[in-house]
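Student: Supplied in structure tokens, the structure appears directly below.
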Amino acid sequence: MNKIQLFHWKRALSITLMSAGIVGLLSTVCAYTSAIPAGEASYQWLWCGWASVAFAVCACLSVWLSVQGVRCFHRSVAWGLVLTGGVEAVWGLRQIYGFAASNHSLYAVTGSFYNPGPYSGYLALVFPVCLYEWLRTGGASRHAWRKRVGHYISGMVLCLLLCVLPAGMSRSAWLAAMFGSVFVCGMHYSWGVRLQKVWREHRAKVAAVGLLLAVLLIAGSSGIYRLKADSAKGRLFMWKVSCLVVAEKPLCGHGVGSFVDAYGQSQEAYFAKGDYSEDEERVAGSPEYAFNEYLQLAVECGIPMLLLVLGMVFFCLHQGIRRQRIGICGGIVSLLVFSFSSYPMSYPCFLVAFLCLLAACFGETSFWSSSRWMLAFAFVAGISGGWLIHNSTYEPCRKWAQCRMLYGVEAYGSAKEGYEELYPLLKRRPRFLFEYGRCLHKLKEYDTSNRILLEAERVSCDPMILNIIGKNYQASGAYEKAEEYLIRSTHRLPGRIYPYYLLAKLYAESKYLQPEKLKCAAEVVLTKEPKVMSKAIEDMRKKVRALLEERERAVK
């Protein structure tokens, strides 16, 4: 083998290693197992850890062999996303047609995710990247077979994405895909230059077309809003409360991971004032996320940190546009739009894709600068991967899934032993703490139950936690504390009937009899219109009527 052949082999192997490392990283999105509780991401984080270590090894070997692997980094990221997007699209189509099971009983299509929102968001992220690769490889000559193959593959994946995206019914994803695609087409076809030329020659026509597009945009936005109006109102209310939380500590924020606690307290205070509309009461919930990554970052880290992060992202975008990484930048634009009304950064696959897209905006032409930044990126990836593997909670989550089976069949004694063992490892998981606390409540270990549930309250704003704390205090004879927590629950989510029912039962206790308060709580239970009528509400109303009748007989 002569030197020229060796050079070509080393270059090809360098590109292959780099591509393999990147595909391994991006394949985090496809990491799914049913062995852990639904919605848990511990398996994805573990996969991401091993993939990061593998990427670090592949990247170092690639740099050692040839700089060509580094120079093709952005292409590898683009085609890695096209590949994983194609896999997810096929996964979704199989779910739609019944060949694969959905991961959520209420939705037909979820891909490898637990619900269609983030699934559609991932497809929307891939869409502009795939669109650009299809445009870039179009019109290739007969001899440029690689480009022709790329054109057909990207075209097929684009068609698959177009088939599945509407089925997800995610308006955020539709808008993200649309904005990303407009950006890609605008840059590819130089719409800005053409528009300037047309504006100079036909100003009146351009103004008329612009006005028409504005009307269509407003009409389209109104239609999308009305498609799921209550969902949109719910998000607007979440953003309103989140803004109130930001206003409390605008500079330093409330601390990383403190969004849920701060949001819950703020919503509770807002409803406690009584100055709210019926719509706000109806659409309010107990979210785990702000459904707006920018607001959540401002709540947790403050406005200066938000501006710093945005500045870094826009700097990367600028570098990408300068280097003509149009598809890569289109993916970033799509993710930025999707982040405005969703929570993608809570998923490891989105975080990995985002970091790869940002890194792909860079890459110099000289050997030393290319090698240096890639080795630095590989070093950070390797260290991060090692940390993720060392701190993995996959095994504890797998054991938790087994405990949940015992919890589900009301074998609380056996379940308690499992929860006790797993508590040190899963004490930041709100669902785990809630189940553990409720299990202790059922076993009548009220003090221990309250200790666990008070920890759960700091990582969740679910009013059911306050309800069970109230029931624990009532069972222990601490009636005033029970009343305090149950009233807090009515303020946390005033649309719920259950805490008023618990208050009615509390006020009917012979040792804490409050006839007037009983009457008020009972009236709410009997007259408040529920979101959805159910047998549980009918049973509560029957029991409250029985309490009132019993009270009337006692008075007579």
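Each Cβ is built from the backbone N, Cα and C atoms, and glycine gets one as well.
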Student: Which range, 231-249, 326-344, 345-363, 497-515, does TrEMBL list as transmembrane segment?
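Tutor: When 231-249, 326-344, 345-363, 497-515 are checked in TrEMBL, transmembrane segment belongs to 326-344.
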Student: Honestly, do the transmembrane segment (119-137) and the transmembrane segment (173-192) touch, with at least three Cβ pairs under 8 Å and pairs 6 or more apart in sequence?
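Tutor: Yes; at least 3 Cβ pairs under 8 Å.
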Student: Give the one range among 44-65, 77-99, 294-317 whose Cβ atoms make the most pairs under 8 Å with those of the transmembrane segment (12-38).
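Tutor: Against the transmembrane segment (12-38), the leading stretch is 44-65.
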Student: Do at least three CB pairs under 8 A connect the transmembrane segment (173-192) and the transmembrane segment (373-390), leaving out pairs fewer than 6 apart in sequence?
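Tutor: No, these stretches are not in contact.
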Student: For the transmembrane segment (149-167), I need the partner stretch with the highest count of C-beta pairs below 8 angstroms, choosing only from 44-65, 77-99, 173-192, 326-344.
Tutor: 77-99
Student: Select the range from 77-99, 173-192, 294-317 that forms the most Cβ-Cβ pairs under 8 Å with the transmembrane segment (326-344).
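Tutor: Maximum Cβ contact count belongs to 173-192.
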Student: Which sequence positions outside the transmembrane segment (294-317), separated from its termini by at least 6 residues, show Cβ-Cβ distances below 8 Å to it?
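Tutor: Sequence-remote neighbours of the transmembrane segment (294-317) are 239, 242-243, 245-246, 249-259, 262-263, 329, 332-333, 336, 339-340, 343, 358, 361-362.
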Student: Let me spell it out: take the transmembrane segment (77-99), skip the flanking residues so only those 6+ beyond its ends count, and list any with a Cβ under 8 Å from a Cβ in it.
Tutor: 19, 22-23, 25-27, 29-30, 108-112, 119, 122-123, 125-127, 129-130, 132-133, 150, 153-154, 156-157, 160-161, 163-164, 167-168, 327-328, 331, 353, 356-357, 359-360
